[in-house]
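Visitor: The pyridoxal 5'-phosphate binding site feature in TrEMBL is assigned to GLY103, THR104, PHE133, ASP218, GLU219, ILE220, GLN221, THR276. The N(2)-acetyl-L-ornithine binding site feature in TrEMBL is assigned to ARG136, SER275. The N6-(pyridoxal phosphate)lysine annotation in TrEMBL covers LYS247.
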Amino acid sequence: MSLYDRFEAAFMPNYGVPPVALARGEGCEVWDVDGNRYLDMIGGIAVSSLGHAHPALVEAVSRQVATIAHTSNLFLHEPEVLLAERLLGLLGGQGRVFLANSGTEANECAFKLALKYGKTTGRTYFVAAENAFHGRTMGALSLTGKPSIRDQFGPFPVDVRFVPYGDADALKNAVTDECAAVFLEPTQGEAGVVPPPDGYFRAAREICTAAGALLVADEIQSAIGRTGHWFAHQHEGVLPDILTLAKGLGGGMPIGACVGFGPAGTIFAKGDHGSTFGGNPVSAAAALAVLGTIENDGLLEHVRTVGAELADGIAAVDHPLLGGVRGRGLWRAIVLTSARSAQVQAAAQRAGFLVNALQPDAVRLAPPLTITSEQVATFVAALPAILDEASRD
Ligand SMILES: *Cc1c(COP(=O)(O)O)cnc(C)c1O
């Protein structure tokens, strides 16, 4: 039996069977179990910030696992303290951190902070955006504005009202002094890498401040250099009350973080929340290696440069299936003129590139932040033939 058949027989059917079985990676390249090589243009969904087997990550994780791998939250350790301080430093210094293991857990922490804030201030509902993705656990799922993955698991414990993403007037109308919190992605990721109109996030900040609602920025996909800034909300120069992070933070090791600013940093009292694994030393050491490498290697600047090369290169391709390109930095969607993203993903794979058919008409690119200009150029050069093949299938 092939590995694919064994996967199908052993696992729950929630993922279907993925199209490639990966065996190893090095830099921005990965190899499948049959020895085929691919340029990794999706980076484990914006996770493998430093690519694969990066020496800094290997060194940090190896050293930490050989020193002490786990303490639980009954005991503290230096890597988690260094990491929290480092994150706060990148965010302007003021705030408090909770460390979790994943994106949905980071949002679960934000959800509970907002619930407690609502209960103590008489605020009864949350606002989130249509098509938003915030995760799969029950709190995060209740905020996820995608009926196909949400509705069958309801009802949910909180009234969540959904507004069209990017419409500041609709947001303003939805946020009253009975609203506890507004949850927003600065650019919607799973919805198709969809940026809002300029000024939307700033308007959201003003609306929340005026109504006394918490603004929660879900930067689980957009943070840690992905857009060419440490955090996407920094493009608009506004600070949320609560920020959630995960994907790119650990460079492949599981870690999530929820940061509360100002009074939102001290909503929890002792005993209100916790995680056995959250902020474990190995993941914290990995995150420190990721942040240190981004800074030392000037990767934010690099992301802006190669991200523009990627977008400009795609935009310059003249093809009937190509509708355009959107997103920022190394976080892009190739927009198609018809619903052929699955065919594009398959054709790209045959040509040696891993991309993600995110929406029927949108293909996501989120390569390692370390991808080179030459590698980007290889992909751009291959794109016309990939689109040709995807049009024929
Ligand atoms: C991926 C993602 C999540 C969920 O993260 P998991 O680690 O899969 O639980 C939440 N919000 C956004 C914006 C995401 O992209």
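Keep in mind that glycine also has a Cβ here, set from the backbone N, Cα and C atoms.
Note: TrEMBL annotation is automatic and uncurated.
Tell me about the setting of these features in this model.
Guide: If you draw a 10 Å sphere around the CB of ASP218 (pyridoxal 5'-phosphate binding site), it holds 31 other CB atoms from the protein chains shown.
Look at ARG136 (N(2)-acetyl-L-ornithine binding site): DSSP puts it in coil. Sequence-distant contacts (6 or more apart, same chain, Cβ under 8 Å) of ARG136 (N(2)-acetyl-L-ornithine binding site) comprise THR104, ILE149.
Every protein chain considered, the tally of other Cβ atoms within 10 Å of the Cβ of LYS247 (N6-(pyridoxal phosphate)lysine) stands at 27.
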Visitor: Name, in the order they occur in the sequence, the residues of the same chain whose CB lies under 8 A from the CB of ILE220 (pyridoxal 5'-phosphate binding site) and which sit 6 or more residues away.
Guide: GLY103, ALA106, ASN107, GLY135, GLY189, THR244, LEU245, ALA246, LYS247, GLY256
Visitor: Neighbour count first, Cβ atoms within 10 Å, every protein chain included; then name which of THR104, GLN221, SER275, THR276 tops the list of binding-site residues.
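Guide: When each Cβ's neighbours within 10 Å are tallied, GLN221 tops the list.
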Visitor: What does DSSP call THR104 (pyridoxal 5'-phosphate binding site) in the simple three-state scheme?
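Guide: SS state of THR104 (pyridoxal 5'-phosphate binding site) = helix.
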Visitor: Determine, to the nearest whole angstrom, how far the Cα atom of ASP218 (pyridoxal 5'-phosphate binding site) is from the Cα atom of SER275 (N(2)-acetyl-L-ornithine binding site).
Guide: 20
Visitor: Kindly point out which of the binding-site residues THR104, GLU219, GLN221, SER275, THR276 have a C-beta less than 6 Å from some atom of ligand 1.
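Guide: If the test is a Cβ under 6 Å from any atom of ligand 1, the answer is THR104, GLN221.
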Visitor: When you tally the Cβ atoms that lie within 10 Å of each candidate's Cβ, which of the binding-site residues (GLY103, PHE133, GLU219) has the highest tally?
Guide: GLU219
Visitor: How many whole Å apart are the CA atoms of GLU219 (pyridoxal 5'-phosphate binding site) and SER275 (N(2)-acetyl-L-ornithine binding site)?
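Guide: Pair distance, Cα basis, whole Å: 20 Å.
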